[in-house]
């Protein structure tokens with residue numbers, strides 16, 4: 001009888017291993033492939049009228065996020081089916097009540113916010129050029145939950161960091177080509193692949209160019225800062241000179257991507273993460289190689305800044321120059337407005353740009369909207385239709401009335417605006433639990449940091465920190481955000497859950 005039970009246990013564990021291998025492969029593919037997908041899609045879009053051609057009802061094109069969205073949705077659906085088989089058929093026990101409560105409550109607030117929204121279709125799918133709605137967020141938290149509940153071979157955990165190498169290589173090539181004034185869209189064969197869905201009568205603008213696989217230089221800059229932080233961290237912790245050299249090279253390539261993005265937020269993020277990595281380097285019990293490697297990275301980055309900055313002044317303006325930028329408003333006035341003010345005809349604010357390239361103005365108005373509907377919010381990705389676009393202070397905050405504010409430029413405010421304050425608090429609870437769990441685990445295992453397993457965990461944790469920091473001034477985006485959620489799930493399983501269900 002004892003032998004039979006033992007055999008059953010072995011069969012059970014074998015089934016779990018085979019299922020977890022499938023889940024591992026699926027999660028790996030979502031991390032590696034989603035940020036790379038770029039294919040044009042043309043579709044009809046119906047939305048509330050706003051006096052701006054880009055978000056008014058009509059035929060729209062989406063080059064960056066449409067197929068990312070469907071790939072993520074399909075992959076999440078397949079992984080969910082496999083995971084449900086693991087739980088329902090095989091009998092895997094979801095023993096961690098706290099994680100279950102957080103997951104279901106967050107899913108509930110995300111879903112109910114879409115149901116309660118005045119713009120339900122947009123809240124469900126997101127704007128046509130972003131697809132950052134409820135379905136996308138439900139995919140994120142589902143990937144997180146699955147990642148937290150699988151057992152991954154310790155030696156293979158670092159593959160999740162390696163899965164970002166294709167993104168770095170492809171975008172480095174695109175970055176170099178664009179930096180030197182060339183465009184891959186000049187090749188007809190590539191156009192025929194990327195724009196196969198172009199309707200008859202439509203054509204590519206003459207000034208269009210393919211700079212990266214993400215649809216905004218701010219996102220590209222922030223994501224590249226995160227990959228630079230991860231690979232540099234692994235290089236500093238590794239004991240093998242070969243591994244150090246490989247990871248160091250990809251950290252350098254990632255820094256080049258930050259340069260090519262010409263966006264200051266990547267530089268700011270990397271500056272903060274370098275401070276974190278320097279402290280980590282000081283805490284390492286080593287022969288001084290991590291400090292030497294850290295210094296070499298700073299020197300090479302400085303040389304690259306000098307080389308590329310000499311060819312494009314914007315490199316300096318968006319990197320070192322960002323720390324000397326004037327943070328106050330830049331104002332200007334016209335004679336007509338001034339004369340009218342004098343006679344009491346009308347009072348208009350002077351033109352200007354609020355701190356953070358206008359972000360402070362957008363954040364202020366977004367917080368006011370959140371205060372009006374704090375429980376369920378307005379629906380994710382609907383801010384273009386709720387933001388006070390006719391606000392008289394817009395001229396003073398964004399230097400023009402013509403800009404349509406369609407995102408809050410802050411992921412945390414985006415969650416609170418879209419799904420309510422409780423949804424944001426649930427997300428922050430995940431972050432806080434992860435922070436304390438990682439610190440506790442690393443303190444207990446501080447003598448094993450150089451092992452492949454803890455090296456991968458620390459690398460991913462540093463990457464998550466970089467994501468969380470750069471999302472203070474960036475919005476969520478398909479590609480980078482699903483990578484962050486998968487990493488958070490893996491770290492949860494490794495540091496907090498300690499792999500529940502070790503028994504059948």
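Heads up, the Cβ atoms here are built off N, Cα and C, so glycines get one too.
What TrEMBL records for this protein:
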| type | residues | note |
| --- | --- | --- |
| DOMAIN | 250-428 | domain 'O-antigen ligase-related' |
| TRANSMEM | 21-39 | transmembrane segment |
| TRANSMEM | 69-89 | transmembrane segment |
| TRANSMEM | 101-128 | transmembrane segment |
| TRANSMEM | 134-152 | transmembrane segment |
| TRANSMEM | 159-182 | transmembrane segment |
| TRANSMEM | 219-238 | transmembrane segment |
| TRANSMEM | 245-262 | transmembrane segment |
| TRANSMEM | 268-284 | transmembrane segment |
| TRANSMEM | 291-310 | transmembrane segment |
| TRANSMEM | 415-439 | transmembrane segment |
| TRANSMEM | 451-473 | transmembrane segment |
| TRANSMEM | 479-497 | transmembrane segment |
When only pairs 6 or more apart in sequence are counted, do the transmembrane segment (21-39) and the transmembrane segment (479-497) reach 3 or more Cβ pairs under 8 Å?
yes
Taking the transmembrane segment (159-182) as the first stretch and the transmembrane segment (245-262) as the second, find out whether 3 or more Cβ pairs fall under 8 Å, excluding pairs closer than 6 in sequence.
yes
Beyond the flanks of the transmembrane segment (134-152) by 6 or more, those residues with Cβ under 8 Å of it:
16-17, 20, 23-24, 27, 30, 69, 72-73, 76, 79-80, 83, 92, 94, 99, 103, 106-107, 110-111, 113-114, 123-126, 379-380, 419, 430, 476, 478, 481-482, 485-486, 488-490, 492-493, 497, 499-500
At a Cβ cut-off of 8 Å, and with pairs 6 or more apart in sequence only, do we get at least 3 pairs between the transmembrane segment (219-238) and the transmembrane segment (451-473), yes or no?
yes
Intrachain residues whose Cβ lies under 8 Å of the transmembrane segment (451-473), provided they are six or more past its termini:
154-155, 157-158, 160-161, 218, 222, 225-227, 229-231, 233-234, 237-238, 265-266, 268-270, 272-273, 276-277, 280, 356, 359, 409-412, 431, 434, 438, 441-442, 445, 480-481, 483-484, 487-488, 490-491, 494-495
